[in-house]
Amino acid sequence: MSTTNAINGNLYEQLHQGRTNMYKSKVDVVLGAQWGDEGKGKVVDMLASEVDIVCRCQGGNNAGHTVVANGTEFDFHLLPSGVVNEKCISVIGNGVVIHLPSLFDEVLKNEAKGLQHLEHRLIISDRAHLVFDFHQHVDGMQEAEKGGKSLGTTKKGIGPAYSSKATRNGIRVGELLGDFNAFSDKFKLIVATHLRLFPSINVDVEAELTRYRDYAEKVRPYVKDTICFLHTALRNGKTILVEGANAAMLDIDFGTYPYVTSSNCSIGGVLTGLGLPPQTIGEVIGVVKAYTTRVGDGPFPSEQLNEIGDLLQTRGFEVGVTTKRKRRCGWLDIPLLRYTSLVNGYTCICLTKLDILDTLPEIKVAVSYKKANGDKLDHFPGTIAELGNIEVEYAVLPGWQTSTEHIRNFKELPENAQNYVRFLEKELSVPVRWVGVGKGRESIINVH
């Protein structure tokens, strides 16, 4: 070995020696592994009973999570699903975009269902950006302009709000709570900017400022520096769980662009959306529905536009929590899951809605993609044009044709249902830790 290489080798060893770990705990993460609606909220609800803090890191009220607790069904859009656990602190991080009217409406609706004492256990980042009503109007107009090539946006203003953030004329929660005259000037400027681009939008600036003066006082008790809060919690050994919104295939960078959301809903968004370094991440739980669904437009290789798709839609009650649109349905897609596992680094899987497959005599699983010329693809296509022209190859597995809804022990599942789970494990080389066979948290089976 040359002297230079020897020195470099020593330097490399030195770099990795003597590391000090300033944290006493880790951050576990729950991420959607497909196109959303996998059942992340239920998984978070299950795990939140054992953690100190639950966080949202990205997205806005375009996300929809349903949690059933003590027989009551809660719908969350901005609030982390962990708020149903009264011993848990819920954090809305800096990467989230917040429409305050929707947040307050969501709080009121869920308080009416029995959610209590949120003022003592909800923290909102002062660095989170605000979504204004005009962002929502612009969202609808931009979607209408696309005509037959619409992206299927929720029209909640999420994209325009992130656009304002990226062009550096967005407004953050902390600015609303500071000098209100400075906030007013900035609000007038952002409205003027949007009016130049979209002259037909109607904004009553003075009425909005009056409204936001009230919102400032309503939201003030919840707001603090969440970055310091979370790092202090980790140094003190507090357990933290992050609830990813949307899902990997809707990620702005890694999803089926442009049929995606406007934020990073993969593991990277957890770090930037909460101000966490990579070494704080512990378990990364990929939530996988036992079949595949998608809301809105965009390519969907394993989609079933037939009686199978109809059966999955009907049995699975596949209607969007936020949009109320019927979800498109298809078979489980292994190449897609391998891809999102590469990006996110799943340490384990929670497989949900296995019971929806109970009536099928046989079940197909997409196992590989082929190009139009017959060549197998060894990677997930990077463009929608390429993804739209692939041919899907399926494995056919025997069904079990008996109800799994009331089973609570993995070994009591029908053999073919167990084989379906093991097939997924083998194909992904990631262990399946939980299997869901119903709506409530009690319907989640511990596999190992």
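The backbone N, Cα and C atoms fix where each Cβ goes, glycine too.
The active site, proton acceptor feature in Swiss-Prot is assigned to D37; the stated evidence is sequence analysis. The local packing around D37 (active site, proton acceptor), expressed as other Cβ atoms within 10 Å of its Cβ over all shown chains, amounts to 29.
Residues or ranges marked as active site, proton donor in Swiss-Prot: H65. When other Cβ atoms within 10 Å of the Cβ of H65 (active site, proton donor) are tallied across all protein chains shown, the result is 25. H65 (active site, proton donor) falls within a strand segment according to DSSP.
When Cβ atoms from all protein chains are considered, those within 10 Å of G39 (GTP binding site) total 24, not counting its own. For 36-42, 64-66, R327, 353-355, 436-438, the entry in Swiss-Prot reads GTP binding site, with the evidence type sequence analysis.
The feature IMP binding site is assigned by Swiss-Prot to D37, E38, G39, K40, N62, A63, G64, H65, T154, R168, N246, T261, R325.
The Mg(2+) binding site annotation in Swiss-Prot covers D37, G64 and is backed by sequence analysis.
Residues or ranges marked as substrate binding site by Swiss-Prot: V321, T322, T323, K324, R325, K326, R327. Under the DSSP three-state reduction, R327 (substrate binding site) is assigned to coil, being neither helix nor strand.
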Please name which of the recorded positions listed here, D37, G64, H65, R325, K326, is nearest in space to V437 (GTP binding site), Cα against Cα. D37
CA pair K324 (substrate binding site) / N246 (IMP binding site), Å rounded to integer, equals 15
Alpha-carbon spacing, G36 (GTP binding site) to G64 (IMP binding site), which is rounded to whole Å: 9
List which of the recorded positions D37, G39, K42, R327 have their Cα within 10 Å of the Cα of H65 (active site, proton donor), in sequence order. D37, G39, K42
